[in-house]
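Data block below; observations after.
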Amino acid sequence: MMRLELVKRPQRSMLFSALSPFIAFALTIIAGAILFALLGVNPLMAFQIYFLEPVSQVWQLHELAIKAAPLILIGVGLSVCYRANIWNIGAEGQFILGGIVGSSIPVLFPQFEGPLVLPLMLLFGMVGGAAYAAIPALLKARFNTNEILTSLMLVYVAQLFLDWLVRGPWRDPKGFNFPQTIQFNDSAILPELMPASGRANWGFVFALVAAVLVWILMSRMLKGFEVRVLGSSPRAGRFAGFGINRMVFFAFMLSGALAGLAGISEVSGAIGQLQPVISPGYGFAAIIVAFLGRLNPLGIVAAGLVLALTYLGGEAVQSALGISDKVARVFQGMLLFFVLGCDTLIHYRIRLIGLAAPTLESAPKLEEAH
Amino acid sequence: MSANQDDANLLEVRGLTKTFGTLTACDHIDLTVAKGEIHALLGENGAGKSTLVKMLFGTLEPNSGEIFWNGQAVTITNPGFAKKLGIGMVFQHFSLFEALTAAENIALSLDDGSPISTIAAKARALSYSYGLPLDPQSLVGDLSVGERQRIEIIRCLLQTPQLIILDEPTSVLTPQEADKLFETLERLRSEGKSILYISHRLEEVKRICDRATVLRHGKVVGHCNPRKETAASLARMMVGNDVQAVVRAPAQGIETAQPLLEIRALSRKPATPFSIPLRNINLTVRAGEVIGIAGVAGNGQGEFFESVSGEVPQQDAASVRIRGKDAGGLSITGRRLMGAAFVPEERLGHGAAPRMKLSENLLLSRHATDGKVFVGAGGMVKSDAIYAAAQRIIKAMDVRKSAPDPEAAALSGGNLQKFIVGRELDRRPSVMVVNQPTWGVDAGAAAHIRQTLIELARSGSAVLVISQDLDELFEISDAIAVMHNGELSKPLPIAEATFERIGLLMGGAEPGHAEHALETS
């Protein structure tokens, strides 16, 4: 008989900090192979279709960038929250509100055209997301409510609000009663980066810029230091004179603004109008992205690309093998599970203990002596 | 050594070695603890005492060496096994959950499934019988360091250990509390139990310990009978040379000096059901003097420090005045900008962020006061500047560490304290408020810290020291006030102060939280 024991390391292991995402990814692959085998599919072929085919052509890389952009933007914002030990689970709602508020310009003023339209929409999107994130922040700062619950519940409010808008007041009058708004005019569409080779739009550039800026904020600036201190030792933060309530607003509104920017970029770039559903769960998948990227904005860029691949792979296995694209959710879930599990190795090492060891033989004798 | 003597040894350690990377924390340590003896383990910070006892308690694994328990070779793989053997430990850094009550914390470590109420009753009975009164229902988060230690001791005793390891136990106690603890220890010895007593307080080691093992730089430098040694000879063995005595020149012309810190009718309602209200506190600290505040743990010192530092601002702006200006309504940052500096009681998690580097911890208290030096345009941190300043403090305070810029948690308590005090001194503050400046700090480092506080005062600053260590207060203060149940006595000039007078002011012979709870309810 053997048993496993976790032994705390005196210091966090740099090696496992770096390795943990890769171990998690490997474990996900193994578990995925078992999953495919149980579904009656050759795992090797399934992986070929899931992970390789979606990125085998240039236009597909554009699709990858389209999917990765919102994940990275949201994940980068969430990383600031989580570093501050503030648990914003409602990025999906902030994403939707960003999409709605940003879209208000082309939907309500379809005649308004010109170079001002797009910047205004992006700004409105950020303001919408930030304002929506300010609600759980206010509730936490004022009433000490649990932000996990309030931010999560506001996601459903946002989803239903969008649904009501596109079926009700904002429905396209010439749209044959389909639940959608009018198509945005050309100046309200986020341009494509390289139209010759694929659909990827400026949203991906926004994501990269946001990642670099937040990385500078967190690692080089006093504000980032404040985030890290308050997140890791709140009492030391109070001693430093940092206000925890100010931090709650800062972290929520920053991540809300980035989620809102992702929302309006998605609507004006990839979709071109508002529909009842504008996100395949980006706001939740971005939580995985944030942790897979070690809460480091640059790591989050890589993690966002990996997660984007799971979406594309899900679509690919659905069309090629007839497996439900829900398999993508399963992969995302397993990935988060293994990432969080492997993080244990950073602070603990695993020790195998044989029950036949002499240490435990002597224990019963001593107990008799008592 | 004959076989008979071997039998009398409860614990024998041969050649125990532990290395961390290139640092050999313990180098072939030999140690024997006989049945029914109090054995002292002496040494400076970083001498390897804590590492050694962690190996004995199973929280660290030795690289080589043998441990014999009752003559039998054992491998202590974890604390659970150490407890099974009959080893109990009271740590210097307590391992208690703040959000749980004392009884719940005890129940967690007993792990025998008996109901909390039974454990609470047992703990209460045991605590009173050993003269360490404890209210098992109080939340640990609301207790002072001294009271938390009682929980640790009671928790250890409830497991009826054969060997009790105490890491710097009296560093948070008043003379009376320490006397009580010594009675407890002597009673335990008479019951045949052995005690491994880690301390740097040489007088008490001479008083209660039968034998001593002295460590320096990870090696055993001697075994001795402390009763036959002098404090000076023990210190010499420990440090390797003579410890500098603290020099305090009498303060000149204090009565006419400018008051730099004034506290006027400061009152504060209790923030939690277990904290102490502050009642109408008045105090003036003038340029050039050191005022000490004595008191039993948990009499409002923590609340007082929070109010003076501005971690909790006051309604009445005039209740705290710094350099002649109202500061009561200001935050801690505002008060720092007026020239005040603060050192809290708890080092890890309050005075320093454990997982951050020393240079980052420098920024913790100085990002606003030295904003121009450490923070550049647009809020960018000047990492070169904070690194250089951290190195300057490390050098000035002789902070010993294993890496150029280690995490705060990687330093021993005394070295971290030297850094935290140095961080504030480096600013040349005109008002310095320190809570427990040398808790758990060895003789050499403590003398250094005390000397620097005196020098700061003599250079024209006002220094306020809150401490439970009376020896320390008598060593450095120009006047001593006593805090009891949230009230502060008038400061007694040091010439008139005696242990007896201060002791009387400290109030009842049975200090403790339980009684205050009764008084207020």
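Just so you know, glycine gets a Cβ as well, placed from its N, Cα and C.
These come from TrEMBL:
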{"type": "TRANSMEM", "residues": "A:21-44", "note": "transmembrane segment"}
{"type": "TRANSMEM", "residues": "A:64-82", "note": "transmembrane segment"}
{"type": "TRANSMEM", "residues": "A:94-112", "note": "transmembrane segment"}
{"type": "TRANSMEM", "residues": "A:118-139", "note": "transmembrane segment"}
{"type": "TRANSMEM", "residues": "A:148-166", "note": "transmembrane segment"}
{"type": "TRANSMEM", "residues": "A:200-218", "note": "transmembrane segment"}
{"type": "TRANSMEM", "residues": "A:239-264", "note": "transmembrane segment"}
{"type": "TRANSMEM", "residues": "A:284-309", "note": "transmembrane segment"}
{"type": "TRANSMEM", "residues": "A:330-350", "note": "transmembrane segment"}
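The transmembrane segment (A:94-112) and the transmembrane segment (A:148-166) are in contact, since at least 3 Cβ pairs between them lie under 8 Å (pairs 6 or more apart in sequence). Under 8 Å from some Cβ of the transmembrane segment (A:200-218) lie the Cβ atoms of residues 61-63, 65-66, 68-70, 72-73, 76-77, 79-80, 83, 190-194, 224, 227-228, 258, 261-262, 265-266, 269-270, 296-298, 300-301, 304, all in the same chain and six or more residues away from its ends. Within its own chain, the transmembrane segment (A:330-350) has Cβ neighbours under 8 Å at 4-9, 12-13, 16-17, 19-21, 23-25, 27-28, 31-32, 35, 285, 287-288, 291-292, 306-307, 310, 313-314, counting only residues six or more beyond its boundaries.
Beyond the transmembrane segment (A:118-139), the same-chain residues lying 6 or more positions past its ends with a Cβ under 8 Å from any Cβ of the stretch are 88, 90, 93-95, 97-106, 145, 147, 150-151, 154, 158, 187-190, 248-249, 251-261, 263-265, 268.
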